[in-house]
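K.L.:
Let me give you the structure first, and then I'll get to my questions.
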Amino acid sequence: MFKVLIFASFALCISAQNFNLDILDPYDLWNRYTLEKPKNVLRAAEKITYRLPNSAIPLSYELELEPDLEENSVDRFTFKGKVKIKIQANYDTENVTLHAKNLKISPQDVTVRLLENDVDIAIDSLRDFLIIKTTKGEKFLSKQSYNLEISYTGELNSELRGFYRSSYLNDEGKKIYLATTHFEPTGARQAFPCFDEPMFKTPFKISIIHNSAYNAISNMEGKKEDIGNGRSKTTFDETPKMSTYLVAFVVSDFKALSNNSFKVYARPNAYKNGELALNMGEKLLKKLDEFTNIPFSTYIPKMDQIAIPDFAAGAMENWGLVTYREPSLLYNKTSTTLAGKQNIVETIAHEFAHQWFGNLVSPKWWKYTWLNEGFASFFQSFITQKVLPEWRSVDQQVIKSTQAYAFVMDSSANSHPMNNEIEKPDDIMMAFDGIAYQKGGSVIRMMQHFLGEDVFQKGLREYLSAKRLADADSDVLFEAISTQIPKESSLNLTKIMNSWVDQPGYPVIKVTRNYDAQNKTDNVLIQQERYLTYNGSQKDLNYTWYVPINYATAKTLNFSYTKPETWLDEKSKNLTVDLGPEDWIILNKQQTGYYRVNYDEKNWKLIIKYLNSNETREKIHVLNRAQLLNDALSFVQNEALDLEILLNMTVHLKNETDYIAWHPGFRVLSWLRQKLVNTKYDSFFREYTINATKILINPDEYNEESDEDLLKNLNHVTAFNWACTSGHAKCLNESHAMLLNWLNGNDVSPNFAPFALCHGMRIASMDTWKLVLDKYNKTTDREVQSSLKTLLSCSSNRTILDYYFNYTLKENSLIKDTATILHRILQNSAIGVDATLDYLNDRFIPILINTKDVEDVSDLIEAIGSKITTEEQYKKLKKIEHLEIPLSMIKEGMQKAANNLEWFKKHDGTIDKWVKSLTNDTPALKSFSIVNIISIIVINVPYGGPISISIRFAIHSNLTYILQALAFNFD
């Protein structure tokens, strides 16, 4: 499953005739129905076991379903089902337990072939258990097989789980329904009674009865047969052994693009947008065939992909029938962004990797979710790079998945191990998180590099071959790979990897050099400790990992060899490295290890000096340039590194052109801007960022159609956004032109529209703003309305913002929920902090009355506090205290504002020193050491023609007064 985006819990409600049970004490359940009591059943006050008892295992399923989507049917949005399960008893027992949820099952509809007597059933709705109980003293006999047959009915729910209904609007505006599935991790039990745990892998025979105007598809090829009365029955070939969560079927009127056994389905008015998925999908699947040496067609003869209008995840890897959200599969040249196109390809790669990692070999239990999602996350970039090397997807995985996501999530004291204990159903859903996906993929990449690609590939082939059509845990994986490690190696893979998969978090390696060491012996001390974003308890810090250590120096410059030169398996270790006192050392080449590195101050400065030279900067691998920026930012945020190091680390960015380095670079600049906005350094930093990013803006080279220029294009788009945010006049004028073009009914590039329209609104007139408001009032599409409400909040004109605010308070206004609108003004307007503070102080009670949830006001105040950077703003916030409102509503906001001011007070001297060093050394920046900010607002300007505004102002810059004139032209 690709990046689970929605987590939902649903009511546990299985209805059974004659048994109207709610949540029961397990003892009460067994006693009331004289059921055999398994040894692991505990009282309600004790710990409840949610795993199925091991009384029986499934051997095969035969499933028939009949969904009702008919418009005039009294049973519309329900389905009928019949399931035949061949089971085998593990020991003599009077009952067999399986899963069922939200299904109507009567005792008379349950039959067990080979038993002489009827059976009873009981329901444990807490655990979704359906318990089949023998009667008259009869038992299921050990190792004996039985055929369990159950008829039942269920609802085609609207909750995007289990067997559910989805819909779309056709070209005539009519809502058309379809029936589809999403079973991972525990949804199959909502479609048919089953042993709904991943370790139970069996073949399935599936048939679906449906309206003849529709088609049914499933995991295998199907044959459609007319059965009369406008109904058809589609019968599918038997599947290989597979887990219940991988079963899938869809009944719809969708159309498909096809290339023999490879198809892409979508609604009839969108299916032609599946061409990218069709072409790239075949190439990606072929590369996975080659890597694994197990062709996909060995077990599944076809590959269907289908875009579902309503879908809970990004995509789902059902074997042979992969389901997607529409934006994750369909590519539209006029609306899909560059990032969106990349996401489509990598999502397909992710789901196709699952066909082996998860489908062919499944996890023994959800504790090992990372065996699915970690490998799929790894291969989504690895295999994409095999097909589209110019995208450099593996490098992108490091900066986006490892640095920006896994490292952040995994630095919390509340993080959990990759092998995460699962005790109850809610835990299963929570297991699909950044630890399983992003950390899993990052740790697998680390393993790939310290083993070497050849051993890594051979080891995975052994794993897939040995455990095909079966289940596995992490030890099985490591043991399989170990068979391919050369015998002369002393590498204990299981011991190494268990330190990464069984412990939460990750280490920071602290590097301390002895610059005066004689004979360069033991001149580098490395120490490891758990990295936390705040000072944790001793218990939180008491971890040790087997850390693969490699390094490059100013002398060696060998960043390509990424196998470990040594291992750090204790708290500290001394290294002997050939280093002069003016030579730098960089650990963790290409960020292959899942850890951060912090150096002593001198080594940081030596690295910065090297980066600042155009002759030497690119001799440091780009992933390490990205690593240095990302690590330095985190250390400064965590008060583990002097701010001066981070500030000086940004200086070389003005000559950096690589997207991989700029991705964390933009993150650094964004954090600094948040700290400096509205302070005395605001104007300087705006000009500093414009100067740094201008190298990336190359309109003549921008080509949205070119895959080869993807990273250059992404840089261009991001830099353009930064220039506008920093107030660059030309950028704002171009954005304003895009806004007017859009208002005239013309398309705007999807890569620029999300931010360019907002920047255009920053300088738009009231007349233009009202045109956007008119668009809002004329649409009923909620997504469009939400986008327009955000666009309306982008203005930097206080008169317009006042109008917008007051408009939300009017009785006849179509825009309500004032706190939400103020939150958008705060986030999107250049003057949002001061405007929202004034509105809260002046009209607090009307805001409160006109807000759906009081918590939204508390959240707004907290968000304002996080953006406050000046004493004047803080004083405005404190005024709210006098409005006789609960302290709890403003406490968090006040604390965040106070923290910001304290941070600025602490670092003001460092920033001032840095600014002066730049204005002395950089002529282009000399005029921007600003002490006071002057804002000039021109209002009531007639719209309709060019306006020239000339401004003369004096700026103090060190010992010189510089007089400047600026001209802004707004069309």
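Glycine too: its Cβ is placed from the backbone N, Cα and C atoms.
Here's the feature list from TrEMBL:
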SIGNAL    1-16  signal peptide
DOMAIN    58-246  domain 'Aminopeptidase N-like N-terminal'
DOMAIN    277-500  domain 'Peptidase M1 membrane alanine aminopeptidase'
BINDING   His350, His354, Glu373  Zn(2+) binding site
SITE      Tyr437  site 'Transition state stabilizer'
DOMAIN    584-879  domain 'ERAP1-like C-terminal'
K.L.:
Would you mind reading off the Cα separation of His350 (Zn(2+) binding site) from Tyr437 (site 'Transition state stabilizer'), to the nearest angstrom?
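P.N.:
Just about 11 Å between their Cα atoms.
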K.L.:
Let me know the DSSP-derived helix, strand or coil state of His350 (Zn(2+) binding site), please.
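P.N.:
Going by the DSSP assignment, His350 (Zn(2+) binding site) falls within a helical segment, counted as helix.
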K.L.:
Highest Cβ count within 10 Å among the binding-site residues His350, His354: which residue is it?
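P.N.:
In terms of Cβ crowding, the pick is His350.
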K.L.:
Write out the long-range same-chain contacts of Glu373 (Zn(2+) binding site), meaning residues 6 or more apart in sequence whose Cβ is under 8 Å from its Cβ.
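P.N.:
Non-local contacts for Glu373 (Zn(2+) binding site): Met1, Phe432, Ala436, Tyr437, Gly440.
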K.L.:
Using DSSP and collapsing to three states, where does Tyr437 (site 'Transition state stabilizer') fall: helix, strand or coil?
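P.N.:
Its secondary structure by DSSP: helix.
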K.L.:
Give the mean pLDDT for the domain 'Aminopeptidase N-like N-terminal' (58-246) on the 0 to 100 scale.
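P.N.:
Mean per-residue confidence for the domain 'Aminopeptidase N-like N-terminal' (58-246): 97 out of 100.
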